[in-house]
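Over in Swiss-Prot, the protein carries these features:
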{"type": "ACT_SITE", "residues": "Glu84", "note": "active site, proton acceptor"}
{"type": "BINDING", "residues": "Ala9, Ala10, Met11, Asn12, Ala13, Gly14, Lys15, Ser16, Asp83, Glu84, Ser85, Gln86", "note": "ATP binding site"}
{"type": "BINDING", "residues": "Cys141, Cys143, Cys178, Cys181", "note": "Zn(2+) binding site"}
Amino acid sequence: MSQLTFIFAAMNAGKSTLLLQAAHNYVERGMAVELYTAALDTRAGLGVIRSRLGIERGASTFNADTVFDHRILERDTACLLIDESQFLRPVQVRQLHRLAHTSQVPIRCYGLRSDFLGHPFAGSAALLTLADEFEEVRAVCGCGKKATMNARLDATGARVSAGEQTLIGGNERYIAMCPRCFYLDSAGEQDAQSTAA
């Protein structure tokens, strides 16, 4: 039976690498795979999924208007892989859940669970509600512990505790942190206090 799977982690855990490896595994066996990534993430170019290891592959893009239904699948699609799935809208997650169960094509969504303030992305919250299976990928904090939080940095490398939820960036803009380091950091303490108020 096909299902919707949410593979999540903090920044820099290797989610895109795992997606590209999964795509390779299907292709190596002679199977067709469909890849999607968020149109707003153009760090590697529009419609390109690139890992920090340097491997990349072209992909279709999704935006807020994309409809995920049977029309997006080729006749012989063996699996649908979606990168940056935190940017999906809840209605799109519902469409993907329906598609997985009516098309018999497994759908694997890779993304962040929460933003730089520790708040859920709408797409991730919907995936945590509807996905049939979950896989957490381990990221590592600078202290060596498991990182589950994301911290945003400004151009000077200082921690940011306010701003828009979505700001595309890589290692120069975000770091993964364990909860202890996230909250002990001065900006994290300010955010925790403002969230509690």
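Placement of Cβ uses the backbone N, Cα and C atoms for every residue, glycine included.
From a predicted model like this one, the values you see are computed outputs, not experimental measurements.
You'll find the Cα of the residue listed as 'active site, proton acceptor' roughly 9 Å from the Cα of Lys15 (ATP binding site).
Around Ala13 (ATP binding site), the same-chain residues at least 6 positions away in sequence with a Cβ under 8 Å from its Cβ are Val137, Arg138, Ala139, Ala147, Ala176.
Within 10 Å of the C-beta atom of Cys143 (Zn(2+) binding site) sit 11 other C-beta atoms, taking all shown protein chains into account. Residue pair Lys15 (ATP binding site) / Cys141 (Zn(2+) binding site) shows a Cα separation of 16 Å. Here the binding-site residues are Ala9, Met11, Cys181; the one with the fewest Cβ atoms within 10 Å of its Cβ is Cys181. Under 8 Å, Cβ to Cβ, and six or more positions away along its own chain, Cys178 (Zn(2+) binding site) finds Cys141, Cys143, Lys145, Lys146, Ala147, Thr148, Met149. Following the DSSP three-state reduction, the secondary structure of Ala9 (ATP binding site) is strand. In three-state terms derived from DSSP, Cys141 (Zn(2+) binding site) belongs to neither a helical nor a strand segment and is classed as coil. Take the CB of Asp83 (ATP binding site) and look out to 10 A: across all protein chains shown you find 28 other CB atoms. Nearest in space to Cys181 (Zn(2+) binding site), taking C-alpha to C-alpha distance over the binding-site residues Ala9, Asp83, Ser85, is Ala9.
Counting only same-chain residues six or more apart in sequence, the Cβ atoms lying under 8 angstroms from the Cβ of Ser85 (ATP binding site) belong to Phe6, Cys109, Tyr110, Gly111, Gly123, Ser124, Leu127. Reduced to three states, the DSSP call for Cys181 (Zn(2+) binding site) is helix. The residue listed as 'active site, proton acceptor' counts 26 other C-beta atoms within 10 Å of its own C-beta, drawing on all protein chains shown. Within 10 Å of the C-beta of Cys141 (Zn(2+) binding site) we count 20 further C-beta atoms, all protein chains included.
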